[in-house]
Amino acid sequence: CLQFGSTCFLGDDDICCSGECFYSGGTFGICS
């Protein structure tokens, strides 16, 4: 899985170790 702070995209929550992709309105987010 992707570690904390890794780049992720909309709908990618399941690939983050935390299970959450945090968005701040950009084209990509970071795994939180």
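Note: Cβ is positioned from N, Cα and C throughout, glycine not excepted.
Residues or ranges marked as disulfide bond by Swiss-Prot: Cys1-Cys17, Cys8-Cys21, Cys16-Cys31. Per Swiss-Prot, serine amide is recorded for Ser32, and the stated evidence type is experimental evidence.
Features as recorded by Swiss-Prot, highlighted on the structure.
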{"residue": "Cys1", "record": "disulfide bond", "DSSP (3 states)": "coil"}
{"residue": "Cys8", "record": "disulfide bond", "DSSP (3 states)": "strand"}
{"residue": "Cys16", "record": "disulfide bond", "DSSP (3 states)": "strand"}
{"residue": "Cys21", "record": "disulfide bond", "DSSP (3 states)": "strand"}
{"residue": "Cys31", "record": "disulfide bond", "DSSP (3 states)": "strand"}
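Each of the disulfide-bonded residues Cys8, Cys16, Cys17, Cys31 was scored by the number of other CB atoms within 10 A of its CB, and the lowest score belongs to Cys17. Sequence-distant contacts of Cys21 (disulfide bond), defined by Cβ-Cβ distance under 8 angstroms and a gap of at least six in the same chain, are Cys8, Phe9, Leu10, Asp12, Asp13, Gly29, Ile30, Cys31, Ser32. Between the C-alpha atoms of Cys16 (disulfide bond) and Cys1 (disulfide bond), the distance comes to 5 Å.
Over all protein chains present, the Cβ of Cys1 (disulfide bond) has 10 other Cβ atoms lying within 10 Å.
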